[in-house]
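The GTP binding site feature in Swiss-Prot is assigned to LEU12, ALA13, GLY14, LYS25, ASP71, ASP101. If you look up Swiss-Prot, you'll see ASP101 marked as Mg(2+) binding site.
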Amino acid sequence: MNLDEVITGVVLAGGKARRMGGADKGLLELDGKPLWRHVADALAPQLATVVISANRHLDIYQASGLKVIPDSIADFPGPLAGMLSVFQQVAGDWFLFCPCDNPCIPHNLVDRLAAHRHGAPVVWVHDGERDHPTIALINRAVEPQLTAYLQAGERRVMIFMRQVGGHAVDFSDCKEAFVNVNTPEELAQWQKRP
């Protein structure tokens with residue numbers, strides 16, 4: 001199966017961004033463009049379609065021309081809620097999720113995740129030191145379990161991913177590609193890089 005033809009890319013831009021003082025992290029600029037755009041631009045050559053999952057400033061995201069998927073669950077309940085909203089509102093079987101604060105994802109992210117899926121409904125990035133469960137290739141088949149998990153009040157991404165039979169894919173050879181931007185200081189450091 002050639003997954004790259006049927007995978008929808010999703011930029012997760014719905015976090016509370018507490019460490020950014022509540023600012024909409026996806027709209028913060030790095031090198032003259034919003035963080036979410038860096039991720040969308042990196043995903044676009046790898047996938048036929050890219051959408052944005054967001055829960056505020058929808059008009060700004062919609063001005064990009066990309067389809068914007070609002071959360072179907074109120075009160076910012078986390079990335080799993082954004083994922084469920086995408087399953088509910090976008091056709092297709094496979095979705096590649098990536099948070100808006102990972103501006104340097106590798107050009108072969110989709111191919112590597114798909115190649116190491118080995119039949120699992122969920123695979124995510126491991127950078128050699130830590131898991132990145134929100135950078136994940138996920139099949140719609142997990143939607144019923146995800147719905148039940150969220151209805152039970154659960155929010156922990158890693159636990160859910162393991163419960164549905166997922167596993168990590170090793171990206172230790174490009175660990176630096178998964179450094180994210182969480183604080184104003186980190187954003188300033190990114191701005192200073194060569």
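Any Cβ shown, glycine's included, is placed from N, Cα and C.
What you are looking at is a predicted structure, and each value in this text was computed from that prediction instead of being measured.
Cβ neighbours within 10 Å of GLY14 (GTP binding site), excluding its own Cβ and spanning all shown chains: 26. DSSP classifies ASP101 (GTP binding site) as coil under the three-state reduction. A simple Cβ count within 10 Å picks out one of the binding-site residues ASP71, ASP101 as the most packed, and that one is ASP101. Of all residue pairs in the GTP-binding list (LEU12, ALA13, GLY14, LYS25, ASP71, ASP101), the one with the greatest Cα separation is 18 Å apart.
Every protein chain considered, the tally of other Cβ atoms within 10 Å of the Cβ of ALA13 (GTP binding site) stands at 28. Most other Cβ atoms within 10 A: among the binding-site residues LEU12, LYS25, that distinction falls to LEU12.
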